[in-house]
There are 2 protein chains.
Amino acid sequence: MPEQNPLAPLDPAQPTGPTGPTDPVEPVETVGPSSPLDLAEGDPFGPHNLPYGVFTRPGHGYPERRGGVRLGEFVLDAGAAAAALGSPYVSLLAQPTLNPLLAAGRTAWSDVRRALTAWVTVPAHREVVEPLLHPLSEVTLHLPFEVADYVDFYSSENHARNVGRIFRPDAADSLTPNWKHLPIGYHGRSGTVVVSGTDVVRPCGQRKAPADPAPVFGPSVRLDIEAEVAFVVGVPSGMGTSVALSDFREHVFGLSLLNDWSARDLQAWEYVPLGPFLGKSFATSVSAWITPLEALDAARVAPPERTHPLLPYLDDSAESAADEPGGYDLRISVAINGHVVSRPPFSTMYWTAAQQLAHMTVNGASLRTGDLYASGTVSGPGESERGSLLELTWNGRDPLDLPDGKRTFLEDGDVVTLSAWAPGPGGTKVGLGEVTGRIRPAA
Amino acid sequence: MPEQNPLAPLDPAQPTGPTGPTDPVEPVETVGPSSPLDLAEGDPFGPHNLPYGVFTRPGHGYPERRGGVRLGEFVLDAGAAAAALGSPYVSLLAQPTLNPLLAAGRTAWSDVRRALTAWVTVPAHREVVEPLLHPLSEVTLHLPFEVADYVDFYSSENHARNVGRIFRPDAADSLTPNWKHLPIGYHGRSGTVVVSGTDVVRPCGQRKAPADPAPVFGPSVRLDIEAEVAFVVGVPSGMGTSVALSDFREHVFGLSLLNDWSARDLQAWEYVPLGPFLGKSFATSVSAWITPLEALDAARVAPPERTHPLLPYLDDSAESAADEPGGYDLRISVAINGHVVSRPPFSTMYWTAAQQLAHMTVNGASLRTGDLYASGTVSGPGESERGSLLELTWNGRDPLDLPDGKRTFLEDGDVVTLSAWAPGPGGTKVGLGEVTGRIRPAA
């Protein structure tokens, strides 16, 4: 349930958002501290944020999916607001998925965002908008767009080095020779991308320890998480063409937290030579909320210094020089059963989302609206900044002490929650929608 | 253009198909040897085959996509036929994709096929059906269904051993340790699955020979093919459940030839540790025609003898004992610019499509209508039975002699065509729709 800020009563002469003064209007009848438009100061889901999702209100006569925008602990029925306010954006917002909005392109994204900001901040709209804000506790959130292709990268140097040290302790370099030359990635299963809150059934499969004479079958005994950030493609591109670094924001609409659940025992036995398959394909959880890139302008940071020269299509020094740094300063938290076990810093990622997009298309592969690509596990340099249990427990050697007992890998009933915030304009925080999921026993 | 058989004139008293005699009807006015219903004897696309596709007739006032069925060198406008004949299957056939038919399930698949067989063989239907058969030369064929997830396997032992010998000549075993225990697979890019006839632009990307100091960027210089067979999922399955070997035909609708174009130089540099990505994702070509499994019952064969014991979920000895052998005797031909360079036998595949499906879902991954999964390169034991140029030229060491010059890998302008047939009922042949594509120069 929402927290209300009693220090911020309605004052129609003082717009709370960035849209500036409007014509004076008659004060509307206030509903006191329970108005969803009166957010606590510093609410990370204030009008400076406005992430998009898709919701139903099954108990309230709204069984159809509809586009929504989060404000505090409420969701605005965005399509209904557009219709009530005579906005031309009804066709983009009153839809069962965000795909039409994603496909509309950067100018439309800006225009819609500007309109939404006004709807939730300009007092003249209050009477119309307020009844269209529903408590999150009363809605069901759905996968907000139709996932086209899903790609997972491997772009944290700290993560890649940790994995190298764990699995190839005798190698001269913990990174593979290609790692600093291209953002390594692979395709995942888009059909099992699920929205935050979906239970995850422990997968079964084959595993074989090196000393075992033959593989055995059963529920995974090394079920893990990967804390990641995913980017959502809006505007498609054609086969045979590539997307330049500088065109990143023409194609990518926004981002979301993502948990790339991983069965390490299945993965270890299957992945040579063609990469991860069943160790990943059973479930991938994304947030119900897509944060538009425009909400994260204040969070942009330069990526780490490049230690190897980059081929021109990946060389982002010009973009950074032009005040278009490719990194994002997202502060992620990983909690198991409510206990924070790690705080991975996204700003440490070596490869940026713009580089990933340029690489993914440099061979002429096309983009579709709804393509989703994830960063790979986010791990910082610190021991408490690692984005997987594989790393946090050093492959099970060093169990975590949780209030409810020790953990190497996930146990049935565990609830994993990723959350994050980023610096917003004027010292605000921009909250990212959480990703949570509970482990159910194997079928 | 179609070849007609002058020895098989229209005789309404003698049905040409397996549906048997019907009520005598008035002889319809024949159009002589040009009737598309009068196929040459032994036509591999006769009424015993009836693969499905999607077509338009842009030059003839039919710009909308519609489901079609191939008969000889003609396509039947199946939705129009269903409507004209008062069939209840209009809703499955008069659609812009095959997805509704795919989703309808095995009983519906059989019922529709039985109806179609009657429409093209029973003389009473001739007057209605004949005008709805359009020459293939007058139609445009489209990707026949919406591809959900695309998975590529690696299920030919001959291919896997050839690749092992080429790339790991010093290894004790040319197969990786997992190969005989599970069908190795990985996800590909469904957004770049294209229909036969689509040009393929030579991809650009990074490559690095072991002796090179750093990677270089440019058009692939080792562009290859992979001759494969792809299976099309019709009936979905839920997350957290698996599909047993014995349920294969409840979920899989049919199969198609597939060319998994591969840039070997890009692939070699990128694929460790997470598998193929840009080396494959630029294009994958499938036939315009999906052959229903029911048309291939006479082609079912036992797979090769298993040399290693299989875990129960993959053990298909019971299925084979129950006259449900998992292999298919498909005789593939690979031609470059019309010159046949290889004849890979699909019957030699170690892992069957049923095993691939069981494996793909054993971790609880769900299936969607339109999921496409391919066999991996089909290579037989013989030198002229290999399904890739990598193997046919032994990684470029032994160029092929073609009428238009030597080939190691593909050159711009080359046209690659995969075709195939399978044994049909009563000594007939069942033709598979070809897959063809021309290489265009890099962008």
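Using the three backbone atoms N, Cα and C, a Cβ is placed for every residue, glycine included.
Heads up, TrEMBL stuff is auto-annotated, nobody curated it.
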Pick from A:D260, A:D265, A:D315: which one does TrEMBL list with A:K280, A:T284 for the same Mg(2+) site?
A:D260
Listed in TrEMBL for the substrate site shared with A:Y154, A:R168, A:Q267, A:Y271, one of A:T56, A:T369, A:T377, A:T393:
A:T377
In TrEMBL, the residues A:E226, A:E228, A:D260 are said to bind Ca(2+). Which of A:D111, A:D149, A:D152, A:D371 is said to bind at that same site?
A:D152
Of A:Y154, A:H159, A:D260, A:Y271, A:T377, i.e. the recorded positions, those within 10 Å of A:T284 (Mg(2+) binding site) when Cα atoms are compared:
A:D260
Intermolecular Cβ proximity, binding-site residues A:Y154, A:R168, A:Q267, A:K280 versus chain B, under 8 Å:
A:Y154
Chain-internal residues near A:E228 (Ca(2+) binding site), provided their CB is under 8 angstroms and they sit 6+ positions away:
A:D152, A:L257, A:L258, A:N259, A:D260, A:A374, A:S375, A:G376, A:T377, A:V378, A:G387
Out of A:Q267, A:T284, A:T377, which of the binding-site residues is least crowded by other Cβ atoms within 10 Å?
A:Q267
Return the residues near A:Y154 (substrate binding site), defined as same-chain residues 6+ apart in sequence whose C-beta is under 8 angstroms from its C-beta, sorted by sequence, else 'none'.
A:A160, A:P183, A:I184, A:G185, A:G376, A:T377
Number of other Cβ atoms within 10 Å of the Cβ of A:E226 (Ca(2+) binding site) across all protein chains:
27
Quick check on the domain 'Fumarylacetoacetase N-terminal' (A:48-144): DSSP residue counts for helix, strand, coil, in that order please.
48 helix, 26 strand, 23 coil
Only counting partners 6 or more residues apart, tell me which same-chain residues put their Cβ under 8 Å from the Cβ of A:R168 (substrate binding site).
A:S174
Under a three-state reduction of DSSP output, how is A:K280 (Mg(2+) binding site) classified: helix, strand, or coil?
helix
Assigned element (helix, strand, coil) containing A:R168 (substrate binding site), judged by DSSP:
coil
